[in-house]
Number of protein chains: 2
Amino acid sequence: MDEEMLVSFPALFECLQQDQLNEFRDIFFDLHVYEQGQFYLSLDAEDRQKLYTYLSPQEMANMFDVIEEDQEDVDQLLKEMDPNYASDMLTFMFTDNAVDTLNQLDKKDVSMYLSIMEPESAKEIKNLLHYEDDTAGSIMTTEYVAVEAEQTVASALQYLKKVGREAEIIYYIFVTDEDGFLVGVISLRDLIVSDEEELIKDVMSERVVSVKVGDDQEDVARMIRDYDFLAMPVTDYRNRLLGIITVDDIIDVIDEEAASDYSGLAGVDVEEVADNPFQSAAKRLPWLVTLLVLSMSTATLIGHYEALVSKASILAVFISLITGTAGNAGTQSLAVAVRRLALQANDRSFFRLILAEILTGLITGLITGFTICVLVGVWKQNFMLGFVIGFAMMCAITVANLAGSLIPMVMDKLGFDPAVASGPFITTLSDLTSVLIYFNIAGIFMQYFIK
Amino acid sequence: MDEEMLVSFPALFECLQQDQLNEFRDIFFDLHVYEQGQFYLSLDAEDRQKLYTYLSPQEMANMFDVIEEDQEDVDQLLKEMDPNYASDMLTFMFTDNAVDTLNQLDKKDVSMYLSIMEPESAKEIKNLLHYEDDTAGSIMTTEYVAVEAEQTVASALQYLKKVGREAEIIYYIFVTDEDGFLVGVISLRDLIVSDEEELIKDVMSERVVSVKVGDDQEDVARMIRDYDFLAMPVTDYRNRLLGIITVDDIIDVIDEEAASDYSGLAGVDVEEVADNPFQSAAKRLPWLVTLLVLSMSTATLIGHYEALVSKASILAVFISLITGTAGNAGTQSLAVAVRRLALQANDRSFFRLILAEILTGLITGLITGFTICVLVGVWKQNFMLGFVIGFAMMCAITVANLAGSLIPMVMDKLGFDPAVASGPFITTLSDLTSVLIYFNIAGIFMQYFIK
């Protein structure tokens, strides 16, 4: 947001209070639609009602096209509008955004809006509503520009002038044959610099990179990022053009994906901004309690070694040192594995990757183990104890590293998202294995350091 | 990448082996530049040398424009080219990409290439090279299209036909006055649907959203995402147009940012894909050893309570349960805080946020503590012990939650990146406070559960 916008808000607010419709619209339409949206969202329910009388459904739609993605309580906003106004607005929105909005409502509300809508728009929206979440189909829009291969450049430009306002993006023009099959693409840039007499088929590129309607949205995001595209055509399995996906929606996918990986590593949904501590707690508790129950198995395991601890209480001193360090190492290896899976950089085989991770674990374990061996040896004046701690740490780190890379890779192979709540599970699991390794090694050598 | 590309690679490779220049170029230029780049990167040094004779510096530049951002060893690639060929290629690249590439070389190599380059290009690149990392200036390009306010739409379109090929993006046309001050913007879409006789100043939008050359690239990314822009103008502090930032570069910024937040939470740089276990270990060890030394303080603290443990070895059983759970809670609260800072959603005051976090900690602590109290009480048939564990856990979670949200907020206020290596530090710190809380509470109540 820039400064000018912040200056406009109080002025707009005053016009609203004093019912100065014309002054309001003068200032309001000087703002970018995103800023209009921010103003709208800053109002209370009563002022929003006034805004619905100030703005046409189409003007409201332009605003909703930009703000829909951030809005968690979009269902409340729609419900406070007159149903006819709301369904008119949905008609004027780009189809993909209207679909996103409707996806946040109850089924019966969706049917209600679709039934008041004019049949053609309702049909277009219905077609998109049934695509599965996270597929190319679920984020595509049908407002693209398509021309035919036999047209001239001049007639294509003429056509653009006519339909340009309605399309979501006009900078790629897709070329189809008479049956709707995608046969080429031309950028508006190339169209503009081409000779007006030429035929589209002679200036278009025949190698169109496209995605299938059922493709994963993350794959689409990766392609748009790699190819630096502004939009990408979506086809059915027979290569008929169904819609396009634009770069602004891809930015949202990338953002969403990053937030979900981050959430997984932290064991909390960071996307859901809660309003009060009770809601925050309710969101965090399921993970915490699940992990707590898992941790109980570690406690039970330590319980088995209680006799050992009562003989050598010094052992208790190093439990958290070993579990903590192994947990850190496991988290590192997990994060690297999840990132590699996200980038699909699987150029090496499964077993070579696992082998590399075991070796990395051994090397880090060896050095960390040696460090702690010296530290403990000097601190406690007992190098045998140092050796036990260091050796246990090396083994614990190697196992944690292996688990950290193996688990996400196996989850991915099984078709699960490798990033879901992975961080805390790895540390909790590595607590268990670390304790097992630690007490077994300590048991073998304990005669050497019992005082 | 699509299937056609994978089919082309063996054919291209064969042409290269059999010196079939024309066949090679026929297949090669059917590929998208990104795919051309992937083919180039798949070759060994000898075949790459051949490619430099097959392709002109300009053709190579188109390819480098798309692949530069992924290429870690771009300096090696440049060095194997003839210096004149390399500097010609840099000249043909978009200025922002040439600058990105040069930024990965040694200073003396940079001067070398700049000195062979034609003076005008060298000057343009030099101007961009001095912008600080992570500012708008460092990612902007100077290949934009600008017209004057007094031109007609027809003459602007004519001008576009002439310069369209050279600009990085032509879909936003910026309008300047005679002194180079930014006065308006018009999208190519609006230009095309406008009457050709109209003046630019009558069809342009006067409210241009722009960024300053010193602005943080993350702020620019946020604006482009919110406003759904394809490009954004960059001005100096007097509002003179210096360059533009395009959406493809912003996707890279968002990706980079997400990877760095993720790396911070895991305590490892996930962006650097290492080639062998020794390099991987070298990247992970600094964090691990630093955290190990920090963990030593926790071990030292437990050492102080060794007498207590030798009297009641049951206490050792629950150390990792309490530190682990508090660590998980602290990580959750940290992730939420980092995310909130990234979104700049600071609509509530610092103290209200901290208060909310303390309350969330108390609620989650109370419920988690009660759960563990019952579990331990039933397991060990000792509800006094259960109470001690549960109460200690509640306190430890509240403190960990507070630390998890306070530390990133304070780091942010002090101007540091709140996401750097935050995850492991919080868990290690929370180990320390949890142990302190646990043994103090246990010390008070221990007479009730010593057997």
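Keep in mind that glycine also has a Cβ here, set from the backbone N, Cα and C atoms.
The average pLDDT the prediction assigns to the domain 'CBS' (B:140-203) is 89. Annotated domain 'CBS' per TrEMBL: B:140-203 (among others), in sequence order.
Here TrEMBL flags B:204-260 (among others) as domain 'CBS'. Counting residues of the domain 'CBS' (B:204-260) by DSSP class, helix then strand then coil, yields 25 helix, 16 strand, 16 coil.
Non-local neighbours of the transmembrane segment (B:285-302) in the same chain are 267-268, 309, 319, 323, 421, 424-425, 428-429, 431-432, 435-436, 439; each lies 6+ residues outside the stretch with a CB under 8 Å from one of its CB atoms. If you look up TrEMBL, you'll see B:285-302 (among others) marked as transmembrane segment.
Under the heading transmembrane segment, TrEMBL lists B:314-338 (among others).
Annotation source TrEMBL lists transmembrane segment at B:350-379 (among others).
Look at TrEMBL and you will find B:385-411 (among others) tagged as transmembrane segment.
The list of residues near the transmembrane segment (B:432-450) in space but at least 6 beyond its ends in sequence, with Cβ under 8 angstroms from a Cβ of it, reads 294, 297-298, 301-302, 304-305, 308, 311-312, 314-315, 318-319, 322-323, 326-327, 382, 384-385, 387-388, 391-392, 395-396, 399-400, 403. Among the features that TrEMBL reports, transmembrane segment is placed at B:432-450 (among others).
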Non-local residues, at least 6 beyond the ends, that sit with Cβ under 8 Å of the transmembrane segment (B:350-379): 318, 321, 325, 329, 333, 337, 340, 385-387, 389-391, 393-402, 404-406, 409
DSSP helix/strand/coil residue counts for the domain 'CBS' (B:140-203): 21 helix, 18 strand, 25 coil
Distal contacts, the transmembrane segment (B:314-338) - CB-CB under 8 A, six or more residues away: 261, 264-265, 298, 302, 305, 308, 357, 360-361, 364-365, 368, 372, 376, 380, 385, 389, 392-393, 396-397, 399-405, 407-409, 418-419, 422-423, 426-427, 429-431, 433-435, 438-439, 442, 449
